[in-house]
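**Q** Positions annotated as ATP binding site by TrEMBL: G10, A11, G12, K13, G14, T15, R127, S136, Y137, K199. The region 'NMP' annotation in TrEMBL covers 30-59. The AMP binding site annotation in TrEMBL covers T31, L57, L58, V59, G85, F86, P87, R88, Q92, R160, R171. As annotated by TrEMBL, region 'LID' applies to 126-163. The domain 'Adenylate kinase active site lid' annotation in TrEMBL covers 127-162. Feature annotation from TrEMBL assigns Zn(2+) binding site to C130, C133, C150, C153.
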Amino acid sequence: MRIILLGPPGAGKGTQAKFISEKFGIPHISTGDIFMRNITEGTELGKKAKSFIDQGLLVPDEVTIDLVMNRLDQADVEEGYLLDGFPRTAYQGEVLCRMIRKGGQVLDAALLIDVPSSYIRERMPGRRICRFCGASYHLQFNPPEEVGLCDHCGHELAERRDDHAEAVEERLKVYEEQTMPLIEFFEKKKLLLRIDGTKEIEAVTREIFEKLSTLENHE
Ligand code: AP5
Ligand code: MG
Ligand code: ZN
């Protein structure tokens, strides 16, 4: 299965990606998580991406597309993958579709986790993340078992560098201007599955699984 996840910042893409990737046995590839890891490790890629991410802006297409194309060249994604946070511009969408076509493959679905901006503004201040394994928590809606520690790996949880109010506003604006056109792009290709992301985490997962189970079995 080849699936992409669309949705505003904080929609729950990363949260749901963990469940989808487990159920279908496909690698979860989050461009945001890859950038964050590189920033933490101080790599060249991290240095290139940092100022854009901190301001809530997109990392330029040439950097991001190269990164994803290299990742999709690896052996573990031959049978499928779940892309979280890519594509995010019309151009990224075109490049991905061209690449999939060239490889004689198909994209199964573009899942849109839809959440209005008012919900996002309320959700963001409560998010905590594990920098070690990428898991995402929420002080109120998805607290870890032990306060301040990751359930999966025990590392300390932290706030995300781009979750302050100013960056969130910028990310919402960027989403509206640069990513929302992709909704229509995938709708025209009859690949869009709209999910109500305002419900509880478990209810959102259920809706995703129900909608994915209606797809034809491509491979
Ligand atoms: P990225 O990391 O992709 O950020 P994003 O799209 O802004 O999305 P988030 O990761 O913030 O949110 P999410 O939807 O994963 O939500 P989560 O599950 O954590 O990208 C970061 C930056 O990298 C970008 O700004 C850009 O600079 C750069 N970048 C990345 N990809 C790029 C690309 N393709 N091109 C160019 N630049 C790129 O959930 C959020 C919170 O809500 C958590 O606290 C969670 O516990 C809680 N929650 C989840 N679901 C629910 C629910 N149903 N009810 C209540 N709370 C919930
Ligand atoms: Mg995420
Ligand atoms: Zn962890």
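Each Cβ is built from the backbone N, Cα and C atoms, and glycine gets one as well.
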**Q** Sort the residues of the region 'LID' (126-163) into helix, strand and coil with DSSP and give the three counts.
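**A** Residue counts in helix, strand and coil order: 1 helix, 12 strand, 25 coil.
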**Q** Excluding C130, C133, C150, C153 themselves, which residues in that chain have a Cβ inside 8 Å of the centre of the Cβ atoms defining the Zn(2+) site?
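**A** After dropping the recorded site residues, what remains is R131, F132, G134, A135, D151, H152, G154, H155.
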**Q** If we check Cα distances from R127 (ATP binding site), which of the binding-site residues T31, L58, G85, R171 wins as closest?
**A** R171
**Q** For ATP, with binders G10, A11, G12, K13, G14, T15, R127, S136, Y137, K199, what's the maximum Cα separation in whole Å?
**A** 17
**Q** Between P87 (AMP binding site) and C150 (Zn(2+) binding site), what C-alpha distance do you get in Å?
**A** 29
**Q** Given the binding-site residues G12, G85, Q92, Y137, which lie close to C130 (Zn(2+) binding site), meaning Cα to Cα within 10 A?
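**A** Near C130 (Zn(2+) binding site) by Cα: Y137.
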